[in-house]
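Engineer: My questions will all concern the structure given below.
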Amino acid sequence: MNALAATNRNFKLAARLLGLDSKLEQSLLIPFREIKVECTIPKDDGTLASFVGFRVQHDNARGPMKGGIRYHPEVDPDEVNALAQLMTWKTAVANIPYGGAKGGIGCSPSDLSISELERLTRVFTQKIHDLIGIHTDVPAPDMGTNPQTMAWILDEYSKFHGYSPAVVTGKPIDLGGSLGRDAATGRGALFAAEALLNEHGKGIAGQRFVIQGFGNVGSWAARLIHKQGGKVVAVSDITGAIKNEKGIDIESLFKHVKETRGVKGFHDAHVIDANSILVEDCDVLIPAALGGVINKDNANEIKAKYIVEAANHPTDPEADEILSKKGVTILPDIYANSGGVTVSYFEWVQNIQGFMWDEKKVNDELKTYMTRGFKDVKEMCKTHNCDLRMGAFTLGVNRVARATVLRGWEA
């Protein structure tokens, strides 16, 4: 089942639990706007290259639409649609005044030079500048993009609309980015894991963690877990996978990855098959890479007691059912990885006010939002007698449905 089918399925289950009217259900599912643009740029060698860019604006009942822009060869309309819809429910679960959107360009960033990436980003911005905006749709970085990408979008957008730092989040600090934004998704995953473990009378310290993915999210989650006394026993990225049952020295690994661009070759752990990372023995598994990695083929072999979804849509519905029967507790992505968009909201607020916060305030506010979000999800679980995924979906869908009805938008 692809990401869009799985997201639609979860939405429909939540709508049924909430008893939504069929017309309202249909209107919540249909995206507000879908944009597809051709981006042609001159390459460094003088030849022309064309790329297809997408932006799906799913819902704006609760505020401006919000979502990342990814540069990846497999960017396609179905995936972008699914991720835009997930952002709608995620911002509602986090209880921040946003809707959902997502975008991307089908390209391989590693095959393009910095100047080619800049030209591509600027052309994409020129094509969509009148459809995004501070109170309309606020992009952010995603897979294959970073603060520099946001700086180019900000600069290009500002040529048309005047200097507008709040039009994107995840910017460099020098252009109005927020302190703490870089670590926010990983830190949010830590706070989510902490809330879940506390519910079961445990804490981060002493628990064994396996982290799939050592990019921005996975590496920050690992560092913060390590700092709090959690034992990270296995880690993987695109270069391979490593394990040390006594616990990996995460700070040393972080330095190694900065120098070598991958976990491969780290001295203080032994190599394992990258495909086995998800089924390694641990207390908490954190998938922090691509979607669809936990499926019916490997779900039976998973040994973790808890799964904290730091990636978008890492678990297929079939795997959900298998893991539920095994008694594995899954903390769903639309709550567990909402730290990034929450601190993006803080960045947007700071830009609009023209008043920046110190990092302690950012992190303290994030903890407040994540802790409150977990309580809200648990409340919905009790109300509807459902698991955490459906608790999060019913919470998000209910908030968006209420805003839609209050605005008089229902069909």
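From the backbone N, Cα and C atoms, a Cβ is placed for every residue, glycine too.
Quick paste from TrEMBL:
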ACT_SITE  Lys102  active site, proton donor
BINDING   Lys66, Lys90, Ser344  substrate binding site
BINDING   Thr185, Asn216  NAD(+) binding site
SITE      Asp142  site 'Important for catalysis'
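I'm curious about the neighbourhood of these features; can you describe it?
Structural biologist: Note on Lys102 (active site, proton donor): other Cβ atoms within 10 Å of its Cβ, all shown chains, come to 31.
Sequence-distant neighbours of Lys90 (substrate binding site) (same chain, 6+ apart, CB under 8 A from its CB) are Gly100, Asp333, Ile334, Tyr335, Asn337, Ser338, Val341, Gly396.
There are 26 other CB atoms within 10 A of the CB of Thr185 (NAD(+) binding site), with all protein chains counted.
The local packing around Asp142 (site 'Important for catalysis'), expressed as other Cβ atoms within 10 Å of its Cβ over all shown chains, amounts to 22.
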Engineer: Residues near the substrate site, Lys66, Lys90, Ser344 excluded, by Cβ within 8 Å of the Cβ center?
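Structural biologist: Everything else in range on the chain: Gly67, Met87, Thr91, Ala94, Ile96, Tyr98, Gly100, Ala140, Ser338, Gly340, Val341, Thr342, Tyr345.
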Engineer: Taking 10 A as the limit, how many CB atoms besides its own sit near the CB of Asn216 (NAD(+) binding site)?
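Structural biologist: Within a 10 Å radius of the Cβ of Asn216 (NAD(+) binding site) lie 18 other Cβ atoms.
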Engineer: Determine the C-alpha span of the substrate site listed in the record, that is the greatest distance between any two of Lys66, Lys90, Ser344, in Å to the nearest whole number.
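Structural biologist: It comes out at 13 Å between the most distant Cα atoms.
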Engineer: Please report how many Å separate the Cα atom of Lys66 (substrate binding site) from that of Lys102 (active site, proton donor), as a whole number.
Structural biologist: 7
